[in-house]
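What TrEMBL records for this protein is below:
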type	residues	note
DOMAIN	2-78	domain 'Threonine synthase N-terminal'
DOMAIN	94-369	domain 'Tryptophan synthase beta chain-like PALP'
MOD_RES	Lys107	N6-(pyridoxal phosphate)lysine
Amino acid sequence: MKYYSTNGSSPEMSFREAVIKGLPHDQGLFFPKEIPTLPADFFDRLPSLSLPQTAVEVLQPYVSPDLSPEALRQICEEVFTFQIPLVEVEKDMYALELFHGPTCAFKDVGARFMSRCLQAFTGKDKRVTVLVATSGDTGSAVANGFLGLENIDVVVLYPENGVSPIQEMQFATLGQNISAVAINGTFDDCQRLVKEAFTDPELNKARNLSSANSINVARWLPQMVYYFHAWGQWKKLNSNATEITVSVPSGNFGNLAAGLLARQMGLPVTYFVAATNRNRIVPAYLETGQYSPAPSVATIANAMDVGNPNNFPRIQEMFGANLESLKEVVKGFWADDEEIKGTIKLVHQTTGYPLDPHGAIGYLSLRQLLPELHTPGIFLETAHPAKFKDSMEEVLGQEVPLPEQLKAFLGKQKQVTELPNDFAGLKLLLMQEHKEGTL
Ligand SMILES: *Cc1c(COP(=O)(O)O)cnc(C)c1O
């Protein structure tokens with residue numbers, strides 16, 4: 001597969017080149033040159049395929065010829081080791097639980113897949129440093145995805161006071177090839193420092209820097225797999241049903257863009273819902289036709305606090321930037337913190353199901369839209385509720401127990417380098433560690 005830039009002025013690249021580069025020169029996003037369609041018999045077989053088997057069939061055309069079928073099969077078997085179950089919350093309303101991976105959020109899927117691709121492409125004699133800025137979930141998914149891989153070091157930059165204690169523990173206690181750097185600044189400062197590192201010639205000469213940003217094709221494409229897996233599970237339960245709506249709690253819109261790509265490959269999803277918190281740039285666009293990025297506002301669904309969704313150009317690409325055809329498939333919805341809290345509480349009382357703040361927006365969007373759309377619904381549960389322990393306990397008035405994966409991080413020693421909010425300190429650290437070979 002070749003990948004072109006959505007801005008149209010960068011050369012086409014192979015999968016391998018697109019994974020290593022991350023971003024085209026022209027600040028666009030890599031997009032596959034062709035969107036293959038899957039044969040009808042694939043959908044007949046889908047309900048009985050395992051997650052890794054589904055992954056191989058869906059992803060093969062996108063990684064060929066850079067990964068052999070055998071290499072892809074091995075990667076998929078290492079990546080998709082946890083369940084992604086479809087759970088019936090109430091009649092005709094299902095949760096796709098994406099939180100059974102090592103850091104209890106859907107980003108585990110993309111981060112793990114990307115780590116194995118990068119390892120396959122960088123070879124044995126070349127050390128690569130993955131530099132990533134995080135406001136919480138990305139850092140933990142990337143750090144755990146890359147943990148213990150040979151020849152790849154990961155440096156996670158995060159705002160000193162900007163991530164929850166559980167989130168910090170998930171990347172700051174790992175050791176091995178993972179370093180945590182706390183910046184005395186905000187998440188935006190961390191992102192700026194990462195950008196500066198990528199444009200510093202001396203640093204780039206000393207270390208091969210790579211980014212594990214969510215726009216990397218190796219993080220984006222594997223997210224398609226669980227939409228197919230969800231449909232297969234739903235068909236197993238409802239063999240005669242044909243129409244379905246899938247709601248995607250969204251921030252940067254990588255997840256929804258992957259669902260829409262799956263639909264273009266033939267996945268029979270009738271509608272998608274672009275569900276957001278108060279950062280309602282995309283629902284507002286669907287309603288008014290005005291696309292107006294804005295500074296993000298803080299909400300309790302904080303992994304979706306994005307004011308300028310960086311994957312949205314991929315969605316525009318799929319629909320030829322035609323608002324009318326986009327609106328035929330994608331319905332907009334947004335909810336504020338009070339609605340999110342009310343939904344968590346009500347659903348817990350009536351069904352016993354513990355929604356997390358992100359999944360709650362997905363659930364509520366279906367509650368409101370399905371009566372008009374006349375289909376059953378699936379919403380993505382993007383993170384385990386215990387990742388947001390404090391706000392969950394406040395809403396539910398009872399303790400939310402940690403799952404085993406998160407308990408494992410408790411009581412471990414943190415190893416953090418604290419740095420002021422300037423590039424000189426970061427550069428010195430990266431140059432020194434390089435010289436001493438400690439990373
Ligand atoms: C990252 C994240 C989202 C948003 O996903 P996008 O692909 O950026 O739209 C939603 N929920 C959780 C829990 C996340 O970590």
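Placed from the backbone N, Cα and C atoms, the Cβ positions cover glycine too.
Each of these features: where is it, how hidden is it, and who are its neighbours?
Remark: secondary structure over the domain 'Threonine synthase N-terminal' (2-78) totals 39 helix, 9 strand, 29 coil, with classes taken from DSSP.
Confidence annotation: the domain 'Tryptophan synthase beta chain-like PALP' (94-369) carries a mean pLDDT of 94 in the model.
Cβ neighbours within 10 Å of Lys107 (N6-(pyridoxal phosphate)lysine), excluding its own Cβ and spanning all shown chains: 27.
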DSSP secondary structure for Lys107 (N6-(pyridoxal phosphate)lysine), reduced to helix/strand/coil, please.
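Reduced to three states, the DSSP call for Lys107 (N6-(pyridoxal phosphate)lysine) is helix.
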